[in-house]
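Chemist: What follows is a structure written as structure tokens; I'll ask about it next.
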Amino acid sequence: MELSRSSQREMMDVAVDAEDNAFDTGDHRLFARMPSSVSFNKLRKRLLRQVRQAFDGFGMLKGSKRWLVGVSGGKDSYSLLALLMDLKWRGLLPVELIACNLDQGQPNFPKHILPDYLASIGVRHRIEYRDTYSIVKEKVPTGATYCSLCSRLRRGNLYRIAREEGCDALVLGHHREDILETFFMNFFHGGRLASMPAKLLNDEGDLTVLRPLTYAAEDDLAKFAAAMEFPIIPCDLCGSQDGLERNAMKAMLADIERRMPGRKDTMLRALGHVNPSHLLDPKLFDFQSLSPEPKE
């Protein structure tokens, strides 16, 4: 008999509770920073459960030995790294982690923050300098958004670094809202049904892209990051631009969630329950040879 979602969540919470009893977070430098409040503990357990849900649901651990974890200095990537280190410290993530920051040459970028922080928590890391900022400023017309080109240049460099470090996966901090916003951007502006996949094989076929925060809410990650007092580095390149399509999607989703609480989770579940015969794409369903289903 298939368990309900609430039963599955309860079982995962029991598992995390049992692991907590056998695990002293104070033994690790990262976890010494953790607040001891009940509310934070609930938040942390929820995020850990959601990461493990993504691991199990999308087979993220299958064949994995070494991951390159992209760390930008924002709340999402800091939280991702902390949660992965949490699971690894418990023995629940049998994968080597390498944290990586790509310094893209943005003016006034605080170069010392990430190296100092990553060294302080004892994680293997690599800081790479590539001046993609100048390329983006040169190639993108005034008034246009930088996000697409900036992302492609960053991704290409991260692929290269992952190969150089012998990694089999690049792990990114995209969360529930990122996935929903991308879906609606493609829906409204691209005329297609597509979003960010939780697991993707790159075009060359040698690296997997993983998004373990697929089920995590942005608000939860913001609360987690604030409680952990991560040294956040703002993005002056993309964050300074107003009126982006993604911002419009974010505002739309926030308004829907405000008026109808729980709709974001419902929309995310919908992306995992696709019925090709009830859409209009003949590449996904053979409408030409459609015949009545046999009667019992």
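Here the Cβ of each residue, glycine as well, is placed from N, Cα and C on the backbone.
Computed from a predicted structure; not experimentally measured.
These came from Swiss-Prot, pasted as-is:
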BINDING   Cys147, Cys150, Cys238  [4Fe-4S] cluster binding site
MOTIF     72-77  motif 'PP-loop motif'
Chemist: Given the binding-site residues Cys147, Cys150, and counting only Cβ atoms in the protein chains shown, which has the most within 10 Å of its Cβ?
Modeler: Cys150
Chemist: What counts of helix, strand and coil residues does DSSP assign across the motif 'PP-loop motif' (72-77)?
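Modeler: Computed counts for the motif 'PP-loop motif' (72-77) are 3 helix, 0 strand, 3 coil.
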Chemist: Quick one: average pLDDT across the motif 'PP-loop motif' (72-77), no decimals.
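Modeler: Value for the motif 'PP-loop motif' (72-77), mean pLDDT as a whole number: 95.
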Chemist: Work out the three-state DSSP category of Cys147 ([4Fe-4S] cluster binding site).
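Modeler: Looking at the DSSP assignment, Cys147 ([4Fe-4S] cluster binding site) belongs to a helix.
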